[in-house]
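Worksheet: the structure to be examined is printed underneath.
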Amino acid sequence: MTTPHIDPEYLASAIEPNVQKDWDDRKVFKVADTVEGPHRYILSMFPYPSGRLHMGHVRNYTIGDVISRFHRLKGETVLQPMGWDAFGLPAENAAIAHKVAPAKWTFENIAYMRDQLKRLGLSVDWDREFATCTPEYYHWEQWLFVQLYKKGLIYRKLSTVNWDPVDQTVLANEQVENGRGWRSGALVEKRDIPMYYFRITDYAQELLDDLDQLKAGWPQQVLTMQRNWIGRSQGMDISFPSAQTEIYPDALTVFTTRGDTLMGATYVAVAAEHPMALKAAETNPALKAFIEECRMGSVAEADLATTEKKGMATGLFVKHPITGAELPVWIANYVLLSYGSGAVMAVPAHDERDFEFANKYNLPIQQVIDAQGADDVAFSATEWQEWYGSKQGKLVNSAEFDGLDFEGAYAAILAKLENTESGNSKVQFRLRDWGVSRQRYWGCPIPMINCEKCGQVPVPEEQLPVILPTDVVPDGSGNPLNKMPEFYQTACPSCGGDARRETDTLDTFVESSWYYARFASPNFQGGLVQPEAAQSWLPVNQYIGGVEHAILHLLYARFFHKLMRDEGVVQGNEPFTNLLTQGMVLADTFYREEASGKKTWYNPADIELERDDKGRGISAIYKADGQPVVIGGQEKMSKSKNNGIDPQSIIEQYGADTARIFMMFAAPPDQSLEWSDAGVEGSNRFLKRVWRLVTSFLAKNATVPALDVANLSKDAQDLRRKTHETIHKVGDDIERRYAFNTAIAAQMELLNSINKFEANAEQHTPQDVAVADEAIRSLLIMLAPFAPHLCQTLLAEFDLDLTQVSFPTVDESALTRNTQTIVVQVNGKLRGKLEVAVDISKDELLALAKALPEVQQFLTGPSKKEIVVPNKLVNLVV
Ligand code: ANZ
Ligand code: ZN
């Protein structure tokens, strides 16, 4: 084997482009739509084409790639696809700022980022790439929309949006800043407009139940977040008849989880827009003004919990279903219109919010649960106590229900209400139906037609896809589709009359809810996914992405899988068998603060940092002006703190392999990763040492005989054991534990052992060379998932093709030790060491110990006691 062309110095920029070109030319990562034999689908969440890769992307895609490459080495066919989540608001904002069409901006970004991803060395089947903004993709999304609409799983209803009266446009929540439009600065109004909704609540119970199927493969924390979001509550609906049927004839229904406290209800509270409130406001201008004020407020549930309680009496009354007492009906800003029935029975003695409200407005507070188990047994009508809200005590002041515990009271009250038909058991979900209409241009057109005569009519299948015009530059003043008759003018599919095409587009979460399925057959023209391809590749075996998607994206994708299943498009109940949520990438922050408190943040790349001997930063200087800046600590890389490090610069300086090794070595994948220049340099040094070892081994041009394991020197046996121990550990760390960091650490140790062994290379026998050769090849294959360019280049020197080799197998016999080191003590003091066979007899061992020259000098007489700890030590007491 001659190696004239291999450079003794490791230079990533000299090898990485060649290796990448080789992968492209040979299409080594291409897989078929249908597959036989062991196979696996590994998917990292696809990126939004924002313009440039950030470190979060690099981490995400490196994790997926390491897993993919590992399983390929294990002999599996692996699908690892890549595509673009290409619709969305940033493209429209860029259009407004730079007067460029969103389509053009998006595709330019895609071209740039694709190149960046390729430079990372991902083992992706690029023939499967697609962008969700193309008609070939969204055609099938529209098709599914039409099917679901026909089935009643999509409906239309009025809903409230943020309206910018100057720009005449709907604003997303993130475009409202302090109540004003981000562009116009106008005070934002609320408007009710018709929107389409997916009936995800029909699947709430199944989405909850099926979380059990994911227990083995999903992080506990994500399962809990999903469970809480779905938010199942077991309770009852109770109806309170109107006391003024001449004004408001209907009974008021409330949802409660605490039916046991019914006898403590002293008023009822309704949401500002509840029909009963609106009715009362007809004759009460003050009430009307108050409702309007509530409407302008935030709609976020999280804000409701913390904002000050506010309310107003409606002047209407309802009757308590058991006592018949008249209770006042209040409007309260802490009651949500969209939860339960938008009304609560207020039990101020046992509900904290009701307590606060009742105290503020002087409403009666009636204790109905005693203080069992509480330290302070006196009920105070002014100060809230934790135990008021508990279910621990027994009922008091509750007439026939007195003395019952929670279960007993709940059951007895429910039975009584059922008897009088004024209550029933009810399961309530926190999950709301999913509103998908967006009054935006850059999204998938909603395939509906509005006809004055026929109402909403779905676009007939043969007219799909409804194509979004791409030569459009939005200017921020409303959806440009509304100004394009060539888009919206159409004929009603039902009556043939003039009709108007829907100009709203779909929430971009819709595209990302089924892309994983499309990847199985991205070019299929007959539906969402070709049935055999779905059968072959779905579900995704391993999904990888940021924990910020733990709730909505994953819930929507799970929902879509069930929708597609019920359409007969896919099998199984869940899309992602295993989920890995990667941690954040952190970096140092640096800033200067002006007297006004305004902070200016400096990028770590522009800072000269001085460290103490533990590597902690002690002082920092802004390179441009040589003046000090404040060290702000490690934070998530972000634009706002200007602490992002451009992956491109790392790849250019050190190569993709170094970036990959650093990312995987610096922390376990689910934990935060602290960016450190020293860490990157360390990773690069490790690869240089691998390179140097292998090139100097190759340079000797030694003949490598077949291994003869029965005839190995002790050193050779030790190295061989180390090699096989490492193979075992690396395989286990990657496959079972996702512990990529310790897998790399083990390989660093193996490298050290090989280097030590090679230090004696001049004295090596041919069998020693064979053992070194085995160790080096094994190392290069194990390291290949992490540093594929380097490994492929070096393996080629052994006439091995990385794309053809297998992960090394553990030779169990190499793991057993033939000899062991025994410590020899005299009177408990270490005097010598012995290297003996593992199966040596006790007598033989004692004889050898006594014969050691360095021991003999301390043996002043016959030993009084001889202690042998097997495999460890001999202690001679004299
Ligand atoms: C009486 C009561 C007494 C309540 C008590 C609680 C404690 P979860 O568990 O979240 O389902 N509620 C019902 N509808 C509401 C709405 N639209 N907006 C705000 N609050 C609403 O909570 C159910 C409880 O939240 C219900 O039980 C109701 O208050 C309140 F000692 O009814 B409870
Ligand atoms: Zn019509």
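Every residue, even glycine, has its Cβ placed from backbone N, Cα and C.
TrEMBL annotations: computationally assigned, not manually curated.
Within the domain 'Methionyl/Leucyl tRNA synthetase' (41-177), the DSSP-based counts of helix, strand and coil residues read 70 helix, 25 strand, 42 coil. Positions annotated as domain 'Methionyl/Leucyl tRNA synthetase' by TrEMBL: 41-177.
Feature annotation from TrEMBL assigns motif ''HIGH' region' to 47-57. Counting residues 6+ beyond its ends, the motif ''HIGH' region' (47-57) has Cβ neighbours under 8 Å at 84-86, 88, 90, 106, 109-110, 112-113, 116-117, 120, 131, 546, 582, 584-585, 637, 644-648, 675 in the same chain.
According to TrEMBL, the feature domain 'Leucyl-tRNA synthetase editing' maps to 227-417.
Residue counts for the domain 'Aminoacyl-tRNA synthetase class Ia' (635-675) under DSSP, split into helix (H, G, I), strand (E, B) and coil, are 18 helix, 4 strand, 19 coil. Annotation comment: TrEMBL describes 635-675 as domain 'Aminoacyl-tRNA synthetase class Ia'.
If you look at the motif ''KMSKS' region' (636-640), the same-chain residues 6 or more away from its ends with a CB under 8 A from one of its CBs are 54-56, 584-587, 601, 672, 675. The feature motif ''KMSKS' region' is assigned by TrEMBL to 636-640.
Taking the Cβ of Lys639 (ATP binding site) as reference, no residue of its chain lies under 8 Å away while being at least six apart in sequence. The ATP binding site annotation in TrEMBL covers Lys639.
The annotation domain 'Methionyl/Valyl/Leucyl/Isoleucyl-tRNA synthetase anticodon-binding' is assigned in TrEMBL to 718-841.
Confidence over the motif ''KMSKS' region' (636-640), given as mean pLDDT on the 0 to 100 scale, stands at 86. Tertiary neighbourhood of the domain 'Aminoacyl-tRNA synthetase class Ia' (635-675): same-chain residues 12-13, 16, 52-59, 62-63, 65-66, 116, 119-121, 219, 580-590, 601-605, 682-684, 686-687, 738-741, 744-745, 786-790, selected by CB-CB distance under 8 Å and a gap of 6+ residues from either end. Counting residue by residue with DSSP, the domain 'Methionyl/Valyl/Leucyl/Isoleucyl-tRNA synthetase anticodon-binding' (718-841) contains 71 helix, 17 strand, 36 coil.
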